[in-house]
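*Asks:* This is the feature table in TrEMBL:
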BINDING   Gly32, Ser33, Gly34, Lys35, Gly36, Thr37, Arg145, Arg188  ATP binding site
BINDING   Arg58, Lys79, Ile80, Val81, Gly106, Phe107, Pro108, Arg109, Arg149, Arg160  ribonucleoside 5'-phosphate binding site
BINDING   Asn113  CMP binding site
Amino acid sequence: MGTVVDAAAKKEANGSLADLNPTVVFVLGGPGSGKGTQCANIVQHFGYTHLSAGDLLRAEIKSGSENGTMISNMIKEGKIVPSEVTIKLLQRAMLEGGNDKYLIDGFPRNEENRAAFEAVTKIEPSFVLFFDCSEEEMERRLLGRNQGREDDNIETIRKRFKVFLESSLPVIEYYNSKGKVRKIDAGRPVEEVYESVKAIFAPKNEKAD
């Protein structure tokens with residue numbers, strides 16, 4: 001299944017990504033925390049490239065590649081896509097992206113993702129942007145946003161929130177112990193949340209208004 005080629009590609013990508021040494025910011029927050037909206041703002045005002053692990057996996061499936069078929073089959077069987085697969089897609093996107101600043105959204109989802117990302121890419125995030133939002137507020141937002149997502153019913157929302165807490169909080173705690181977490185109160189209106197985001201990204205001496 002092309003493992004030799006994969007291994008070679010990974011080795012090559014490893015070197016180049018470490019050489020590129022991009023600024024990486026992990027963006028974490030539960031469903032409905034508003035991180036997608038804020039990522040768009042950061043891209044627009046601070047020149048970052050936004051990478052969503054979920055979007056990259058969906059694009060790979062759509063491409064019909066051998067890798068995409070494997071990912072699709074795993075999802076259908078209810079299996080978790082291995083960290084290495086997602087990391088390889090992120091790595092490729094960074095190498096091809098032509099930028100040196102990336103927001104990685106919705107990843108790492110758990111401690112295993114985190115450890116694998118650092119081991120494979122040899123890169124640590126500059127910091128983790130954590131959109132902290134209460135379960136009640138997230139529920140209110142998700143139920144109110146008629147985007148036609150079938151996973152936006154109350155039971156599923158609660159399940160997604162529980163999964164987020166159980167798997168992502170250890171990642172946040174790990175980076176917190178290294179002083180790398182920038183926590184944002186995401187329960188406020190979008191404009192207020194963005195003011196807090198801006199204060200983190202803008203150089204201290206010339207805060208954007």
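From the backbone N, Cα and C atoms, a Cβ is placed for every residue, glycine too.
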*Asks:* Out of Ser33, Thr37, Asn113, which of the binding-site residues is least crowded by other Cβ atoms within 10 Å?
*Replies:* Thr37
*Asks:* Where the distance is taken from Cα to Cα, which of the binding-site residues Arg58, Ile80, Gly106, Pro108 turns out closest to Ser33 (ATP binding site)?
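*Replies:* Out of the listed candidates, the nearest Cα belongs to Gly106.
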*Asks:* Might you list, by sequence position, any residue in that chain lying six or more from Gly36 (ATP binding site) with a Cβ less than 8 Å away from its Cβ?
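*Replies:* Sequence-distant Cβ neighbours: Asp105.
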*Asks:* Between C-alpha atoms, which of these binding-site residues comes nearest to Lys35 (ATP binding site): Arg58, Ile80, Gly106, Pro108, Asn113?
*Replies:* Gly106
*Asks:* What's the CA-CA gap between Thr37 (ATP binding site) and Gly106 (ribonucleoside 5'-phosphate binding site) in angstrom, rounded?
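*Replies:* Between the alpha carbons of Thr37 (ATP binding site) and Gly106 (ribonucleoside 5'-phosphate binding site) there are 13 Å.
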*Asks:* Measuring Cα to Cα, how far is Gly106 (ribonucleoside 5'-phosphate binding site) from Arg188 (ATP binding site) in Å?
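*Replies:* Pair distance, Cα basis, whole Å: 20 Å.
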*Asks:* My understanding is the cutoff is Cβ-Cβ under 8 Å with a sequence separation of 6 or more in the same chain; which residues meet that for Pro108 (ribonucleoside 5'-phosphate binding site)?
*Replies:* Phe26, Ser83, Arg114, Ala116, Phe117, Ser168, Val171
*Asks:* Radius 10 Å, atoms counted are CB only; among the binding-site residues Lys35, Arg58, Arg188, which position scores highest?
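*Replies:* Output for this query is Lys35.
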*Asks:* Does Ile80 (ribonucleoside 5'-phosphate binding site) have same-chain partners at least 6 apart in sequence with Cβ under 8 Å from its own Cβ, and which are they?
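*Replies:* Same-chain residues close to Ile80 (ribonucleoside 5'-phosphate binding site) (Cβ under 8 Å, separated by 6 or more) are Met74.
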*Asks:* Do any residues at least six apart in sequence from Gly34 (ATP binding site), in the same chain, have a Cβ closer than 8 Å to its Cβ, and if so which, in order?
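*Replies:* Listed in sequence order: Phe131, Cys133, Arg141, Ala186, Val190, Val193.
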